[in-house]
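Pulled from Swiss-Prot:
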type	residues	note
BINDING	ILE18, ILE19, GLN20, PHE21, GLY22, GLU23, GLY24, ASN25, PHE26, LEU27, ARG28, ALA29	NAD(+) binding site
Amino acid sequence: MNTLNRRDFPGALYPERIIQFGEGNFLRAFIDWQIDLLNEHTDLNSGVVIVRPIKSDFPPSLSVQDGLYTTIIRGLNEQGEAVSDARLIRSVNREISVYSQYDEFLKLAHNPDMRFVFSNTTEAGISYHAEDKFDDAPAVSYPAKLTRLLFERFSHFNGAADKGWVIIPCELIDYNGDALRELVLRYAQEWALPAEFTQWLNDANAFCSTLVDRIVTGYPRDEVTALETELGYHDGFLDTAEHFYLFVIQGPKSLASELRLDKLSLNVLIVDDIKPYKERKVAILNGAHTALVPVAFQAGLDTVGEAMNDAEVCAFVEKAIYQEIIPVLDLPKDELESFASAVTGRFRNPYIKHQLLSIALNGMTKYRTRILPQLLAGQKATGKLPARLTFALAALIAFYRGERNGESYPVQDDQHWLDRYQQLWAQHHDKQISTSELVKAVLSVSEHWEQDLTNVSGLVEQVTLDLDAILLQGMRAAVKQLC
């Protein structure tokens, strides 16, 4: 069986116009996959050079396959049908290492056709490293590497206004474009680079903030033999992902035509502010996950898929989304409902086994950031506590007992919460404190909740009622009235 390469698998080769910092699975099944579609269906005509930003030989360089690899996109489509689509990606030309090919890295800036820079260097990637110097070959941090590359371009083209770049980071931090721009400007200042360079950075370059959304499951280790037999070739860089994807870019409207998004309907939005889209994702996708986990797990289920195939648990989650979360969000209702419908479809994806316990990690912080804002907004708007979001808090407190049907399970959170819950549940078990006192002890931790939740009208009472119902009747019976 042949390994993928351009000699044995000839096809389109595109001129290099895109630099991509990051060789990982996510960008390959998200950015490079979209570029490949645009190359095929429009005149975008843009090849990608991947820059490996870290000092590592693993995984091997994509150049061993001449940049070729296969994506397998699978999940439920818009009609709710299970689909699996294999695509040979030709958008990547080569991969270089910034550590072993530094001159080659700088040379990328000399190409007059280079226009876009994408990146995913992990959440920690857009950060400041005080020791980074201009002459380092290379600097440690991604922003410092980018500053050096931008200065190379500025110098090579004598500050030409039409040689700036559109920089589109995909790291999972708020306003990632603004954060990256600030660090590039900081390095320019600390390295005492000319004022003209700073002017050119500001005037000729666009730093766009983004929201990215797709579950990328990566190399399908357990299925690789069957998949390669089906494909008819060996591919050491197979990359699997869910059917759903969303790319929101906060940038100039002209970006739509420059990326040829006006010629192919992709799920990419060019917007003035990503904030409402971020809030939508956190509230609906992440919020539904966080409400679902303690309820479904204590109802005897182990994966998100099992939970969505359980009529009662599914009804609980869908009612939480449509009746309690969507009404308090600030985007058009039809947009929110369409997104919510996609979310529940993603939860049902038969190709992804999403363990509830793995999503349960740091549940206390997740509840505060993902659900509490909607609970408080709902109470403010209607004068009543949203029943399911409140019940989810009681279920979360019950989850921290760490025991289901007499068997213990691992609970992962900050140590102070683990210690606090261990003590509270032991005291409750020994009848030293009542359920109401336990609830008050959790809701009054202002340094966590950023307020004293015992002051929220009716919250202690309702969480206590819900928690007592869970403890006395079991999760199935307790949640039934809300399904």
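Each residue, glycine too, has its Cβ placed from N, Cα and C.
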Just name the most isolated of the binding-site residues GLY22, GLY24, going by other Cβ atoms within 10 Å of its Cβ. GLY24
Going by C-beta under 8 A and a gap of 6 or more residues, the same-chain neighbours of ILE18 (NAD(+) binding site) are ILE35, SER46, GLY47, VAL48, VAL49, MET114, ARG115, PHE116, VAL117, PHE118
Please report the number of other Cβ atoms within 10 Å of the Cβ of ARG28 (NAD(+) binding site). 28
Which number gives the other C-beta atoms within 10 angstroms of the C-beta of PHE26 (NAD(+) binding site), all protein chains shown included? 19
Cβ proximity for GLN20 (NAD(+) binding site), under 8 A, sequence spacing 6+, ordered by residue number, returns LEU27, ILE31, ASP32, VAL48, VAL49, ILE50, VAL51, VAL92, VAL117, PHE118, SER119
